[in-house]
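Structure provided below as structure tokens; questions to follow.
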């Protein structure tokens, strides 16, 4: 056997993530590796914590990346804050609430579910009712920006309700961080995890997290050991916590962290408010084109994520064939629907570096051409022009 | 605040890992990101499995990288193979056996320990005795190459003993993979985890694993769910398992995987036997220099890892000051001792790409110069010449 180096095609990534990576991030990742206890690397870790606090808009001391993808960030929140026998309120309005339930149960705890239709935000009234009905609950979990549907929930209100009922609150901010307003400490979110491969324009593989002092206190006062050695924050903080002397826990993914650092520097340069506005603006242009074609959005405008656009598939169209043609003929990746939305929607991401005019026009032009060629029931030849009007305005 | 891009110094990494990364790997990591369900990426995953089977010398179907560092690879083995109430035999002859014990206990199981002195290999007779004394045990775990001491244990014999007692066997091969002979399926190791940042010359952050059919069968017949959602192989294999259609589990760390693939291509080009011989040869040269200085090795030659050299510190020397000077004056990183060996040894790595003549000579020359300057009780000015004789032979 003889294997060759892998040279990937140059895709435009407009699915649910990974999204297009800023070339500065790719370049940063290829810099020389240094040791995980090197004083220069420890200084980088300190710098990254400051940058993560800015990205999360948090004044919590604990802000760091978990050395694994977003699902490990989710699990880090649950295994540290849940103990066997606990009851946890989990809000589900898409795929990731279901994954939270799995996490709760694998910690030996019980999940009380608050269910909302996929594509709708979490209903705060239902959360309030569920907490009234279950006074033992001390932890609430919800997804801020549901990547499976494109709906954003009211994190501030949910945190207020949770705190009024003496609960801590876990928020999945994988897709919101860097793309939608997120004010972790002002809103009082207690444990927040995100991912690098969405609006941070970084490669996948790391999960930034931040924890409130109240969350840390609960972790330090646990009756049982955290079931995961790798994710036990009591141990991880011996390395990521303050102080010049760091204890070895695991070997940090050095070059991936170079990339995350660079992406956070880029976010600071642009400014979070500007980044959010950019996401909104490019969404408006995409929307104009999509609607001009006669297609519609799954999620109401009031709770629609600008970075994740769920678009209904026109009648009689083989949606997988459309995605294949976009990939093969235009090197353009868009996403499929999941769960009850599988086969019913496309998910078009405009995340981070990928949220730009070129991508909007490419996506609309390619979709228009492929659907027209497949004789789909759309209005042809008008999408790009509609988007251009928004850009020109 | 305003933060800058991070430009690391150019170090020579001769500690216990990360080791010097092959520039081809760094370049591969900076290639354009594609989606984790892209057909081109799925083809890369298939190619990587073949290359991992070669690296592990295994014919097991399951060979894949866990999307997190080596400690998560360790935890993947334990959470999948251990159930609450089990008793597991854990061999400890260094740091990582202790971490295995932690893993067993966090799975709700009991660890029966077989202890050997740090720097010695695991004693097969003790393992045999412990299994005779504890007939309920169905799982044995040991460290093939102890990174904390530099001792290699007899994996083949330990696997034979485990199987004779109807046990599966977990092997930590973090430091042996790519540097020392490792024949996973011939020896019958059932669950093996490694790391990318040692003899594979890749960046840290991934953990290659391979599991025997018997291990898979045990996982599929578990009475309880795997306590970690992220590490549950029943779920992970929906993505990494065979077939053109992959189910989304978590977003794979695409660019890190480009790097690992490249490092495996490089290993195949060199050939495993050649790589092992190279590690042995460079160790011989380093050893000649170290011994010429009057310093000695902690581990007996018969069970000494060529890629991890534990060297005793001369009397009266401030070992941390020596490491600081090597780093600051020579950009050279070597490692400190851990646990009972802290302050007593240096750990000098010659792993993967870092195992080369230039590094051997740099390390000996720099150590000679610094120790001589600090008036340490060594024989000065002879180390480099002694190593050169080995290279010339």
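One is the number of the first residue shown, and numbering goes on along the chain from there.
Yeah, the Cβs are placed from backbone N, Cα and C, and that goes for glycine too.
Positions annotated as region 'Disordered' by TrEMBL: A:1-21. Among the features that TrEMBL reports, domain 'Aminotransferase class V' is placed at A:74-337. Annotation source TrEMBL lists N6-(pyridoxal phosphate)lysine at A:198. The substrate binding site annotation in TrEMBL covers A:347.
Looking at the shown structure, what environment does each listed feature sit in?
Counted with DSSP, the region 'Disordered' (A:1-21) comes out as 0 helix, 3 strand, 18 coil.
Here the Cβ of residue A:198 (N6-(pyridoxal phosphate)lysine) has 30 other Cβ atoms within 10 Å, regardless of which shown protein chain they belong to.
DSSP assigns residue A:347 (substrate binding site) to a strand.
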List the same-chain residues at least 6 positions away in sequence whose Cβ sits under 8 Å from the Cβ of residue A:347 (substrate binding site), in sequence order, or say none.
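Residues satisfying the criterion: A:15, A:16, A:147, A:148, A:150, A:308, A:309, A:310, A:311, A:334, A:335, A:336, A:337.
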